[in-house]
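Trainee: Marked as transmembrane segment by TrEMBL: 12-28, 55-76, 82-101, 108-128, 148-166, 178-200, 212-232, 244-264, 276-293. Feature annotation from TrEMBL assigns region 'Disordered' to 302-337. As annotated by TrEMBL, compositional bias 'Low complexity' applies to 324-337.
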Amino acid sequence: MDQMSPDNINGVILAVSSSIFIGSSFIIKKKGLKKAGASGVRAGEGGYGYLKEPWWWAGMITMIVGEVANFAAYAFAPAILVTPLGALSIIFSAVLAHFILQEKLHMFGILGCILCVVGSTTIVLHAPHEQKIESVKQIWQLAIEPGFLVYSAVIVVVVAILIFYYEPRYGKTHMIVYVGICSLMGSLTVMSVKAVAIAIKLTFSGTNQFKYFNTWIFILVVATCCLLQINYLNKALDTFNTAVISPVYYVMFTTFTIIASMIMFKDWASQSGLKIATQLCGFVTILSGTFLLHKTKDMGNSVGGSGRGSVSMPTRDTPVFTNSGSGRSSSSDKVAS
């Protein structure tokens, strides 16, 4: 294992701080969404009453602070190092949901959190060093290479299909629709965020990058993608269990971000097969942790129900990839509880 560079260390510190703020924002925003839904049309049904809720705005401010720290992290470290640390926001969110929203976390959920930490640590310790970028034009050249153009086109087409076909039909019963939109667009957001962050870093170093039109195109992409993600993430939070949204969103977002970074920045080009395999093992460990969090999300509420401390499997599950037949009532009950 190579010694971590100063830039990578700065990126890790910023990414960890970001995860703490973002994990908290999920819970604060959920409280605002629940209060707004109790007195008006819920966000999951197209309502925007949450815009009048102080709790929701407090959550937004917390998320913005976390995103700013995350934004800065991408200026120092590669995406394959920064993005997996989002697992810490899952843990923080799940623990706060347990104590504040009474969305109980089972002992297997705790094990899932530990697996997320172990997997993230493995990736961090074997992550590649940041490339030497001297101009935003270098990033632009990477972005217009055929491989990344094809990837971007596929993402845009899939997102359009999800929004215009699947969301009206299955959005309220299949969490994968909302989370899929956010995750797919998120991979493009991260690539553009990294470009803008590097542009700001170079500008502060004395080389103005905002005189290039490329920088402003990246800024436009960031703004557009972020607005889209915020809208559909609100719908997901209002419709489904927070303890489930966080890990599933993390897994999908991280997967597509790593793929995008691998295609655009070629992060693994200078690494040995052993290091790449180790990072993949770390990522599989994270997937195992998030799987545990998902499958045991309702077990915490079953513990102690019979007075003997027994654990019963949930009779209803939040549908993710397929329709369970009772998904609509299940999701409504979760919001009302």
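The backbone N, Cα and C atoms fix where each Cβ goes, and this holds for glycine too.
Just so you know, TrEMBL annotations are computer predictions that nobody has curated.
Situate these features within the shown structure.
Mentor: Below 8 angstroms of C-beta separation, residues 7-8, 10-12, 14-15, 17-22, 24-33, 35-36, 82, 89, 130, 190, 193-194, 196-198, 200-201 of the same chain, each at least six residues beyond the ends of the transmembrane segment (55-76), sit close to that stretch.
Same-chain neighbours of the transmembrane segment (82-101): 11-12, 14-16, 18-20, 22-24, 26-27, 30-31, 66, 70, 73-74, 109, 113, 116-117, 119-120, 123-124, 190, 242-243, 246-247, 250, 253-254, 257-258, 261, 282-283, 286, 289-290, 293, 300, counting only residues six or more beyond its ends whose CB sits under 8 Å from a CB of the stretch.
Residues 142, 174, 177, 180-181, 184-185, 187-188, 191, 228, 256, 259-260, 263-264 of the same chain, all 6+ positions outside the transmembrane segment (148-166), place their C-beta atoms under 8 angstroms from a C-beta of that stretch.
Counting same-chain residues at least six beyond the ends of the transmembrane segment (178-200), those with a Cβ under 8 angstroms from any Cβ of the stretch are 70-72, 74-75, 79, 83, 133, 136, 139-140, 143, 148, 152, 155, 158-159, 162-163, 167, 171, 209-210, 214-215, 218-219, 221-222, 225-226, 228-229, 232-233, 235-236, 239-240, 245, 248-249, 252-253, 255-257, 259-261, 264-265.
Only residues 6 or more beyond the boundaries of the transmembrane segment (244-264), in the same chain, are considered here, and those with a CB under 8 A from a CB of the stretch are 23, 26, 78-80, 83-84, 86-87, 89-90, 93-94, 112, 116, 142-143, 145, 147-148, 151, 155, 175-176, 179-180, 182-184, 186-188, 190-191, 233, 236-237, 283, 286-287, 289-290, 293-294, 297, 318, 320.
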Trainee: Where else in the chain does the transmembrane segment (212-232) make close Cβ contacts, counting only residues six or more beyond its ends and a cut-off under 8 Å?
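Mentor: Result: 135-137, 139-140, 159, 167, 178, 181-182, 185-186, 188-189, 192-193, 195-196, 199.
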Trainee: Would you mind listing the long-range same-chain contacts of the transmembrane segment (276-293), meaning Cβ under 8 Å and 6+ residues beyond its ends?
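Mentor: Residues 80, 84, 87, 90, 94, 108-109, 111-123, 126-127, 243-244, 247-248, 250-251, 254-255, 258, 268.
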